[in-house]
Each structure stands twice: as structure tokens, then as C-alpha cells.
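Participant: Below are the features listed in Swiss-Prot for this protein:
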| type | residues | note |
| --- | --- | --- |
| REGION | 1-22 | region 'Disordered' |
| COMPBIAS | 9-19 | compositional bias 'Polar residues' |
| BINDING | Gly105, Glu106, Ser107, Gly108, Ser109, Gly110, Lys111, Thr112 | ATP binding site |
| REGION | 600-650 | region 'Disordered' |
| COMPBIAS | 626-635 | compositional bias 'Acidic residues' |
| REGION | 668-692 | region 'Actin-binding' |
| TRANSMEM | 898-918 | transmembrane segment |
| TRANSMEM | 937-957 | transmembrane segment |
| DOMAIN | 961-1020 | domain 'Cytochrome b5 heme-binding' |
| CARBOHYD | Asn1047 | N-linked glycosylation site |
| CARBOHYD | Asn1072 | N-linked glycosylation site |
| TRANSMEM | 1209-1229 | transmembrane segment |
| CARBOHYD | Asn1572 | N-linked glycosylation site |
Amino acid sequence: MAGPAPSGRTPSHAQSSLPSLPAHLQSDTHLTAHLASRFHVGLPTARLSSQALISLNTYTTSSRGPDGDKEGSAMGEAEDLAKRAFTRLGARGENQAIVFLHSSGESGSGKTTIRSHLLSSFLSFSSTPLSSKLSYAAFVFDTLTTTKSVTTPTASKAGLFLELQYDGSSSVNPTLIGGKIIDHRLERSRIASVPTGERSFHVLYYLLAGTSAAEKEHLGFDSSIHVSTSGGKLSGASIGHKRWRYLGHPTQLKVGINDADGFQHFKTALRKLEFPRSEIAEFCQILATILHLGQLDFVSGQATTTTAEESGGYSHEGGETVTVVKNKDVLSVIAAFLGLGVEELETSFGYRTKTIRRERVTVMLDPKGARQNADGLARTLYSLLVAYIFEGINQRICAAEDSVANTVSILDFPGFSQASATGSTLDQLLSNAATESLYNFCLQSFFERKAEMLDREEVTVPATSYFDNSDATRGLLKSGNGLLSILDDQTKRGRTDSQFLESVKKRFENKNPAITVGSTGQGTTLISQGARSAFTVKHFAGEVDYPVQGLLEENGDVVSGDLMNLMRSTSSDFVRDLFGQEALQTVTHPQERTAIMQAQVSSKPMRMPSMARRKAGPSRLAFDAPEGDDQDEYDSQAGSMSKSSARRKSTMLANGMQGAAGQFLSSLDIVSKCLNSANLNPYFVFCLKPNDRRIANQFDSKCVRAQVQTFGIAEISQRLRNADFSIFLPFAEFLGLAEIGNVVVGSDKEKSEVVLDEKRWPGNEARVGSTGVFLSERCWADLAKLGERVVPVFPAEGSDEGGDNLLHARAGGYADSKVRLLGPTDQSPGGFIYGEDGKQGYSSSREFDGRSDAGASAFNSGDMFRNLDTREQMLEKGNEKKMEEVDEAPVSGSRKRWMAIVYLLTFYIPDFLIKTFGRMPRKDVRVAWREKLAINLIIWFSCAFAIFFIVAFPGLICPTQHVYSTAELSSHNGKDGHNSFVAIRGIVFNLDKFMPSHYPDIVPEKSLKKYAGTDATGLFPVQVSALCPGKDGSIDPTVLLDYSSTNVSGSATTVSTSDTNWVYHDFRYFTNDSRPDWFQEQMIMLKANYFKGWIGYTPTYMKTLGDKSQYIGSINGRVYDLTTYVAGGRRVQAPVGKSVPANVDRDFMDDLVVELFQRLPGQDLTKYWEDLQISDVMRERMQLCLDNLFFVGHVDTRNSPRCQFARYFILAISIFICLIVVFKFLAALQFSRKNLPENLDKFIICQVPAYTEDEESLRRAIDSMARMRYDDKRKLLVVICDGMIIGQGNDRPTPRIVLDILGVPESVDPEPLSFESLGEGMKQHNMGKIYSGLYEVMGHIVPFLVVVKVGKPSEVARPGNRGKRDSQMVLMRFLNRVHYNLPMSPMELEIYHQIRNIIGVNPTFYEFILQVDADTVVAPDAATRMVSTLLADTRILGVCGETALSNAKTSMVTMIQVYEYYISHNLVKAFESLFGSITCLPGCFTMYRIRSADSGKPLFVSKEIVEAYSEIRVDTLHMKNLLHLGEDRYLTTLLIKHHPKYKTKYISAAKAFTIAPESFAVFLSQRRRWINSTVHNLIELIPLNQLCGFCCFSMRFIVFVDLISTIIQPVTVA
């Protein structure tokens, strides 16, 4: 403080008050030198008298002074400031405000540290539990709003107005009764745009690091993502594993901040603030949702599957570009936590509705736009969550406004920013505007505010020059025409960035030197272009260029109505509350309050300072508030902010939504007026950084001097040397404090002058005015004997060290020790919490120790979600649709029969399984699933039947036989490349395989090869007794049976009788080497290894043999030959030396059996064999003898009639199908002759539905129809725009593109009119605008009519869009009502008026309508040829032409479609045209007959067609396939059904060119849709009796064949 100069014995650095330094030391240089001298002896602070504190960050500890205690430290000075403010609060009843100022938002000036010391000091003055809650609240604020920047780990990114509320019961020590956290404009852009080398908000890192394994599992965090909690560096594996887009570079996950502990403290703080555990868990789920939103990957895809809400030219030929989410697993996590359906959430990312020129349009977004949409949702969620938490805190800590007597306000706003780290110009502008305003308040407090009162009191003080930033402050913040007001006004008006820049230039050019706009002269360089698109503001801390690109859109800060309506369907109560809070201001439609048009996250605090809610009383004033008319305005504004949210929202509804700049300006104005109120005493804390490199204990004079100059500290110090007055006391109060009684005689002024003389206070600290005395705070304290008062300091809860425990034992914060700076130690927004030596910052360690509370312990260390729904349950709830009661419609008999078939095929799948595992809670969805399954089963059954019919059926009729005729056996003789086969007793063996294994191997293969193709039975004599049991069960071994070959023509070649090789195989009884079983063993071996088949005997050949006296016959398909037996080929022979026994029976076969073969030679004896009168034992013995001795082969039935049928039946079917194809081709040839067009005078309508096509496609389609060689006056071009939608790649809505092509200026804006649309419920009401005029192109002047479906005013998403079918119905319903003379809707009346009165043609004159898709180009003669065909045959109802590809050579996929398109038209449609029954008239290029030529009877627009085609109730799978997947084909079906006497035709002479899918995925998707539509429409056509042709070859049969071929196509292709 000013006083006598220090004596020579006192070192210069001992003087803490800068104004007390000599006058020659009051320059910037000398003051900087003085600060340096104090800094180097451990005194990093100085004072500007009693009103301001200057603090330098030492980057070491802020709690130790030169002597090792807190004396002289930043912490000690903060305590002293708090005590003085608290004392003044109690003694004078004044509101106190401490304003923090620093020259750079990224300075590392230690601001947050000083603020925490200051708050801790204030809280230590009260012993209520509320003190702890306020410390927790401050910690939560820092956790949610603080981040790490390049230069400091504790960069606050939201303005803080922290209010401590006191009652007035005690004039000495006021009681703390409440508090309030008022946050101003969080830097939302940081959520989705983390600058390089910086972090997002700390709480996101806390969540990732501090959750347990079970919690990570629930939140969808990969368990393999390892975040170390030891404070060390990340391992390479954990860094490289996964990158969180919203968390910056992976290295930022660990920068020496103990995130895991921070998360535990964050949860504990919320619990201490009385937030329920379930709500804290919901907070964490929303934070996890935000992180997952950053992980979504969007890709472009093609979609051809249409719904009721889709439309356009792509519906028949091409595809629509859509944006889809690549990683569906992440999407499902987000959907679960938000309580939404996965599909609807994914769809919402792909479009965005906004207002352009007073019209709402839906923009179809590309992947980049979808990414921005997801970023916007993340910003909205975080902003709402922060607002929700702060409002919850305030509800718990704020006292009733009428009980608050005084307040202490701590203002800490982000500092000045030279450049935007996140790329957000708006955040930078608003932050700098706030800093500019606070600095202006500082200057006003020191210079202007006191000067006005000094003049009134006739006190003269020397003037002090200073830098006044009023120009910049007024230019930025002036209400009405300040820069922020202009920005807000231009945003409301929907102006562009360039228009805003022009407005700024007009407002400030040559009027305010602080704001300039870049030169508008011509320039080509990037620098000059950038200068022209920016404005410059000369702030007190330097000039800043603000680019305007995207500034107005960012200022709008609009949350689209799409998102709001999506969130209204959430199944999560918390998310519903989040989006229902007052912080989200919604705009509803005036006529339909339930429809939310858009919303905005408020940039204005939800609460106001307590002092702003009431006028200042007449009690003890310090200095007067600024005079003017703003007091009433201030009161009015304060009153308006205290009204209910409903009133606020209705005001916003009437006046338009206020932008972020306007809201921030309003809140800043309230702050400014609170600070300028009469009963408030401000203190200022200037936070300076000693160097730019964050080096501990290093003082950079140049760096500090620049900050001293920026803040004007030298000028302020000089001002205080002249007038350091902080308090004004009226004479009576002054004399009462002086206690001089009646000792001095004179006036009050004279008495006061005597007191001042006695006190010997310096003149710059005490002066007598006309009505009172001006005093500095030091003099007032001396006068009031405040030094005798003791401010109580209460210990922190659970502390053993008294009051200091709540203060920072070390400058707890991010800016403390070298160890913290250089090593990975604990840092977090509560870095103050983790004090060294167990000391704390905001709160004591015990308070934050979850173990002190059993519940908190389980909450902190376990799974906080264990009592909540699992993620799967949340997802299931989100996917559930709200069940609505629907009217029961009568079910047709065919539907009942079909459902009976469905349940018959799917009965084995219980409904609860579909509901549980299939996640289909709705009954109609489950029924549709059953129908799909039934159709699949029918298709696969059909395919299985086709496979059976093709593969198995011939085998059933004619089983495969492995037999060889004698000719076939002879051909396998090993010659000319043939195989070598040999037969033995009717069995054929593979000789080629046998020869290598023949024993002995000395026999050459050549010798064996001569038997190839022969019957070698003669080489193998048999032992009869070993192979046949005979009649009695045994045969004498001497009985022999000779073998003799058949010499009938056609018999197999046998071994020559002169071949003696049989002796090597003779092991009969009479030989020296008797082996009875040798033959049987060899046959078993041969059959097992070399078997090929049997000798085959056809029935004819058998009969021939029988006629030749061969006793041969077949039993059960086996052929037996008893010729040798009957002829006496039985003899006996005994071994040498033995005699034949007497009475040997040589007839070992039963006589009845032999007699059977003799009686019926060459026949099938099976029936006679079964009827033979012998015993079963005898039958069994005779069967064994026949098989072993007389078997010669199998009956060969390969040429039987049955086998011939099986062979040629499939062939006949194939030939029949080929004949159909050939017939179709021949029928197609009948249409090769082109009809010659003539000059025609019929009126036609050319209709084009437009959806999201680009300008080039639309122009091609429109121009091609306008240039058709048809009388321009007799054709009407009608373009129907399906909704206000901006397609991907377009810069305007589709209707605007169409109108620009047709030359309709933007000034033409007709009123939207109502009409009936296709939709459910309220969707049936739609509105449209009608435009008409003449379109001129290449010499053609064509009348046009444009119908723009804009939707009801309450429609938000895809306004007006109802689908292509609805676009067709606009004209169909209009023409129907014209011809039937029915009442019309307002829009239809307008269409009638435009056509009848503007264009000048009676709508009934139009006879034909040509429907063309927006991506189709028609040939010049197309309309003429179609009309000629329709006139040539008045029984033709519809005619289509040939559609070719305009992108045939774009890709391989389009190339393969060229042939398909050609065949489908010139073969299929040409054939169908022969019958006059085209089953599908393509919507992309078809002309219909509106009315009959003779009677005028409506045809295309008849009541039956219009009613059936406008079906709204599409609740079955069949109807969905008809109306949603193939509306063109279904329309053709209706025409054939309701007008059976009329024909549908195809003419190849009419040409059009369309766009086909270029990717294989889209091609498959399109074909899948077409196949579904084809099958269901063919099913509709089958019952029609009118599908007849000539003779029996009917079109109905061909349709049935097409249906079958479509169903079994997978099999036929295979």
C-alpha cells in the first residue's frame, strides 16, 4: 500500500504493493524487474493495493513461501484475499466478487490453482456440511469442463460463475447457506475435434481408465484395451491397439494424470452430492455412448429395397446411394444405451432436416456428413449431460433466493485465445468476447467508476492515461448492433456467411477502429481470399482474425427435429429426461404443439446470479452503479429469465430461436450488470506465467513484461498512487467508527478532516468529499479496528491438521512441482485432491475415500451396473415398437387358407421362441416371419421335388442295372482301347485289374488277355456236392455236372473245348488234389475285388433260346439255364483206386423244378416258382442249387417300355420348355416391323417422379421428353417431387433443382395446399405446392406443371415424402375425380385451375399418360410411336417400349445386364404381347390410356384401379411384396384384372435408356426385390380366367410355367 518509501535497510523485494513503489519505478520495465526480484526470492505474488493480486506461476509448489511456510506464497495471498473479502462481507454487508484474469487461455498461469486455494479458504470459514458439498461441486465442474492443453494440464473450457450464498444474521461472521455453479458456454467443439497434443474433457479418460472389467464389459469397452493406472507410460501394445476418435492420440490416455483414481473420486463426489447410484451409472452410460459415437465408421452403399416412404426413378432400374454404418456392433451398443432401435438410429445418421429459405428440407448425407451428424449427437449428449449434472448439483446446494443476504462470486472464464485449437471460430469468438468484457470491467472499476463519484464529491485527483478497450467491448457486445447481435440476427434471418460479413463491414467500417473486415478487392492468392472471408477484432491482448466460413451455421447450433423425434421414442427414462430438460430449448409448430421442429442446447446458463434477481437495496453502498436506462432493462431481463421454461419456450416460438451468440451475449450482459451493481465490491486476480516453456523457477522478463503491458498493470498502479479509494463512508458513519464523540467542535466535514490529520493517512488513500469520506480498504480496516477481529478457520471433515487441510498444502493443481511437471504423477482436475503428504485441496482424502462408506466401496470397486438392465435387455427394449391398437379388418378366405398352410409348415416353432430369440415382440412381425419361412420351405420343397423328379424319379421307374449283353461283353476284349472283361457263370469281372495279381505270376499277361470278352466258365469245373445240397440235403461227391456252351446266335463267345487250361482249376473229388470249396472261395474273392456286373438276357433273347430247346428261365430277375442238366450232362467218377458207390442218385434236382423249366422254357418263372408244390426246405435247397450251378445272368430290362419312358420323359420336358422359348422367339419376330408414325393430335401427359436424383439426370429426363417429336401444345410435362430432400452430392433440394431447370425463379413461392396422400394415420394428410409455366429447350416450348410435396408444417423428417406410389396417385386420383366429377382436395383444385386456366387445356382432353422415371431418357419418337399403337388398336390399355442401358459399358456388372435387358424385352415381353397380356409394364417407360376412345369411360384412372392401387393397409407379407417391392408390376396386374377385355402391349420401336446398377451388391439386391415381386404378382395372376390364348396354349399356362421356373431356378441353374 502507498506509504513511506522503504528504508534503506528494507530490501526492495519486500514491498508487495506495486503502487507503493517510487514513481520512477512505475514503468512496465521497472515493475517487471520488481516482480522478478520477488520471484527469485520465493515471493511469486504482488498486490495492487488491496484490490488486486498478481500471481506468477512458479511451476513448483504454490503453498510454500521463502521460509517454508505459506507466508508469501500464492496460497497465503489467496487466503489473505479471502479473509479480507469475508471480513468486508460481514462488516459492510457488501457482495464480493473475485474476478480472475489471464492473457491467454492456454497460458499455464496457475489460474485454476489460485482459484482452488481461494475457494478452499472461503469454505474453511464455515463449519456447515454444505462446505464439503461445494468443494465436491467445484471438483465435478472441473472434471466435466477441464482438459489438458499443449501448455497446461488444467485448461478450463467453460466460464465459471461460482456463487457462495450467505445470510445476514451475523454482521461479524456470515453463515454459508448455499452455493450455485453457473457455467457459461462449454467448448462443445472439443468433443469431436481434439487438437493435436491435447485431450478432450478429463471425465472421458476417467471413465475409460477407472471402470472395472465388469463395467467395461457392460459399457462395450474392449477388455484388451489396457489403461495403466500406475501413472507410467502406456505400453506400445496398449497404445497401438485401438484409437478412440474422441480421445485424441492414444498417447494422451496417459500423460501423468491418474485417470483411474480420478474416476473413483468423481463417482464419490457425485454420491456425496446425493446423486443416486443408478443415476451415476446412467451418466457413465451416456459418456460411454459419446465415446462409441466417435468409433462409428460410415460407408456409402446402394439400396434398391424400397419402403412405403421411398420413391423415385431408382425403384425400377437403378439404385439409391445410402450411408450405412460399417461396424454394427458399436452401433448396437449406442442404441442400447440410448434406448433406441438399431435400424432407426442407423437411418437417422444418414439424413438431416434443416430449414433453407423458410422451407424445411431433408439432406441425404454422405459418409462425411453422417460423421458430422454423429459428432453433433455426441456434442449434444455431452452438453445436455453437463447441464443435467450442474442443474442437479444446484438443486442440492442452492439456497432459497429470498434467504440470501449477500454473495461471494468467483468468476473464472477461459482466457484470451489467439487461435482456435479445435477449429471452432464461434467458441474462440465468444471466449474472447467474455475476456474482453471482464477486462473492460476491470478498467472501469479502477478508472471510470471511481472517477464519477469523485467528481460528484468534488474530490480532485490527477488524471491517469490508460488503454481503454471500450471500442472493442462495445463493438462486440453492444445490444442490437454489436457484432454478436449482428451475428445472431443474421443467423435468424437465414443469411449466408458472406452476407454476414457484408453487414459487419457496413456496421463498423470507419465507425469502430476495433473491428475491421478484410479487403473486398479482387485477389487470387489464398491469403487474400482468406482475408476477404474474415473479420479482425483488435482485442486488448492482440488482434485476432476470425474466419466466417460456417460461422452462422455454428451459431445456429441447431439440434435437428429428426434427433428430437427420434429421442422421443426412446425406451430409456433417463435419456427422455435428458432431452426433456430446460437446457434443451425446443421449437414446436404453432398449430401442432406436439411436433418438434428443431431444438437447441442453450448457451445461456439455466440459473442466474442471486443478486440479479432483485434490485439493490439502499443499504451500504461502495460506489454507484453506472447510470442510464439499463437498470430497468436489467431488471426486466432478470425477471424474464426467472419465468418458467414453458413461458420461455413460447416466447422463443413466437420470436424465433436465439442463436448461441445471442444467448451468450445475454448471459454475459447479466454477469456484467451483476458486477456493476452498486452493492458489490470487486477484487481482481491477475495470473501471469513466468515463461513460455513451463520451466520451474525461471523468470523470462520479456514474457512477463508483455503480460504486464497487456493488462495495463503500470497504468493501474499509477492510478492507485493517485486515488486508491475502495470505500465511501458518509460523515455520520465515518465519525461513528472514529469514535471522537464531542471532543472536536465543528461540522461533520471538519471533524472528518481532523480525524484524517490525526491518522496521517496518505492522500491517495483517504480524502474528504462533500458528503462523506473516501478510504482505501487498509484505512477502513484501521478505522474500524478490524485487526481485532478473528476470522474463524474450521478444519476439514476428518482432518487432523486443522483448517489448512482444506487449503492446498502444495499448490495442488496441475502447476505445482517439478516432479509433477517432469514425471508421471497424479494430475487431474482435482489435482488439488491428491495433495502431497496426505493433504487435500477441495476436500479431504477421507471424504473422497470410498472405503469410508460401505455402500460407496461396493459402488466404487464393483460393478455399478449390476442392478440395471443388461445391454442386451436395453437393446431389446429399444428395438421394441410401440404397440398400437389397429382396427381389425375382415380376413378373406384365401388369406385364411394361406395362414393355415403357414402354420402347418411352421407349427413346430413355438411363438415364444420367435419372440425371445428372434426379438420380435410384435405379432404381425412374427406372422410375417412365419410366412417368409413357409415360403422358403415351399420353395425348397419345390426345389427338392425338382431334384427328385430330375435325378431320382427315373431311377425309381427304371432302376440302374449293372448288366452286359453278350455283345457288350464281347466288345470289352482289350482291343482298340477297350477294357478287358471276362464272364464266369453269369458274373462279369474286370480282367485288367485281375491280371497283375494272377497266380502263378509266370503266366504272361498275353496268355490271360486272350480270354478278354469271353465266357470262361468252362475253365472252372465245379464240385457239385460242395455247391448244392440236392434233394436230400447231400450229394455223393462222385456226381459231376458237365458244362456246355450255348451255340445259339447272339450267345457269348466261350472258351474253346480244346483249351486245356481248365486242368489247372480242376480240384474235384476224383482228382489227386481234391479241394471242394476252392471254386466258391475264388468266386467270393473275385466278386469282392474285380466285380463289374452280370451277363444280361433280354426277355426277347430268353424266349429265342427257349424256342431253340434251351431250358432257360428267370426267377425274380435271375436267369437260370438247366439245358445241360436236362440233356444228361450228369455223370459219376471216382478217384483212381476207388470205385463208384452203388445206387448213386445222379438226379440231385427235384423233378418238379426240372419239369417247370422244361414246360416253360425262355419265360419268367417267378410266379410259377412261388406256386410250386414243394416244401420250404426243398425250395430253399433248390434255390441254392440254382444259384450256384445253373445261374447264367440277370434279366436285362434296359430297353423295356418302362425304362424307355424314364429315359425320354425328362428329355420331352426339356424339349417342351425349349419349344416355349423358341415359340417366344418366333413370336418376338412378329414385332420386328416398325409402325410408321403420323402426325397425331391427341393430348398426352408426360409424368416424371423425382426423389433424390442429381441435376444431370433430371435435366436429361426432362429435356428428352420436352424434345420428343410430338406437338408441344398437346403434351403436358408433369414433374412430381416426392418431398423436400437434398440427395447425396446435391447442393439444393430436388424440387429446387427441378424448378431451376424449368426456369422458375425463387421469388415464386405459392402457398402449400392440402391433399390426400398414402400413409397411415396423420400421414394421409399431406401438402403440396403447384408451379406451372412454359419450358423452352432447343426450339421446343412445352407447358409444365410441377407438384412439390412439402408435407404438413409439423413434419420434420423427410417432409412430404410418401413414396413413388403416392407420386403416381397424385395424378391418378386427380384424373379420377375429373372424369367422375367428384369433390377435389385444395391442391387438386389448384392443379385443375393451373391446367384449365393457365395452360389452357381442359383436363378431360388428356387421353394418354406417359410415365417415365427420372433417370430415364426417352427417344425423340417414343411418344409418337406409342400413341400410334394406341390409336391403331383402341383395345390397348397400356403399351411399353424397349428399355436399354445408358451406362452399358460402365462396369462388368452393367455389361452382363445388356443381354438380360434385351432378352426380357424382345423375347419375354414380345411373346406376352402376342397374347395381349404383358405381365409387367415397367414404370420407367410406359404409356397408359386414361379413358376409352369411344365412350370416354375411365380406364387407367377407373375407380377400381385407383381404389386398389391406393391401398393403405399393407399389413401382410404378400401385400408388402406387391405394393412396396414391385408397384409397377402390381399396377399391371390390376389393369389386367379389372379390364380383362383390354390388352397390354409391347412395341420395340419405342426406345428409352435407363441406368442400371453398377455394383454387384446393388445388382443382387435389386434382383432379390424383383424376384419377390415377380413371385407374388404371378400368384395374383394365376387365378385370373381372362389370361387365355388360342387353342389350349394359354397365356395362363405360360404364366404358371414362369412361376414354376422362378421358384425352382436355383435347381435348374445348378
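One is the number of the first residue shown, and numbering goes on along the chain from there.
Glycine residues also receive a Cβ, built from the backbone N, Cα and C atoms like all the rest.
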Participant: Using other CB atoms within 10 angstroms as the count, which residue among the recorded positions Thr112, Asn1072, Asn1572 scores least?
Facilitator: Asn1072
Participant: Rank aside, I only need the closest one: which of the recorded positions Gly110, Lys111, Thr112, Asn1072 has its C-alpha nearest to that of Asn1572 (N-linked glycosylation site)?
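Facilitator: For Asn1572 (N-linked glycosylation site), the closest Cα among Gly110, Lys111, Thr112, Asn1072 is found at Thr112.
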Participant: Using a Cβ cut-off under 8 Å, which residues of the same chain at least 6 positions beyond either end of the transmembrane segment (898-918) come close to it?
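Facilitator: Here the qualifying positions are 926-927, 929-931, 933-934, 937-938, 1518.
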Participant: So how many other Cβ atoms are close to Lys111 (ATP binding site), meaning within 10 Å of its Cβ?
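Facilitator: A count of 30.
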Participant: Looking only at Cβ atoms, how many others are within 10 Å of the one on Gly110 (ATP binding site)?
Facilitator: 29
Participant: Return only the integer: C-alpha distance in Å from Thr112 (ATP binding site) to Asn1072 (N-linked glycosylation site).
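Facilitator: That separation, Cα to Cα, works out to 122 Å.
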Participant: Can you grab the distance from Gly110 (ATP binding site) over to Asn1072 (N-linked glycosylation site)? Cα atoms, rounded to a whole Å.
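Facilitator: The separation of the Cα atoms works out to 123 Å.
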Participant: Along the region 'Actin-binding' (668-692), what average pLDDT does this model show?
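Facilitator: In the predicted model, the region 'Actin-binding' (668-692) has a mean pLDDT of 89.
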Participant: In the domain 'Cytochrome b5 heme-binding' (961-1020), how many residues does DSSP assign to helix, to strand and to coil?
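Facilitator: Helix, strand and coil residues of the domain 'Cytochrome b5 heme-binding' (961-1020) number 21 helix, 13 strand, 26 coil.
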Participant: Does DSSP put Lys111 (ATP binding site) in a helix, in a strand, or in coil?
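Facilitator: DSSP assigns Lys111 (ATP binding site) to helix.
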Participant: What are the DSSP helix/strand/coil residue counts across the region 'Actin-binding' (668-692)?
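Facilitator: Its residues fall into 8 helix, 9 strand, 8 coil.
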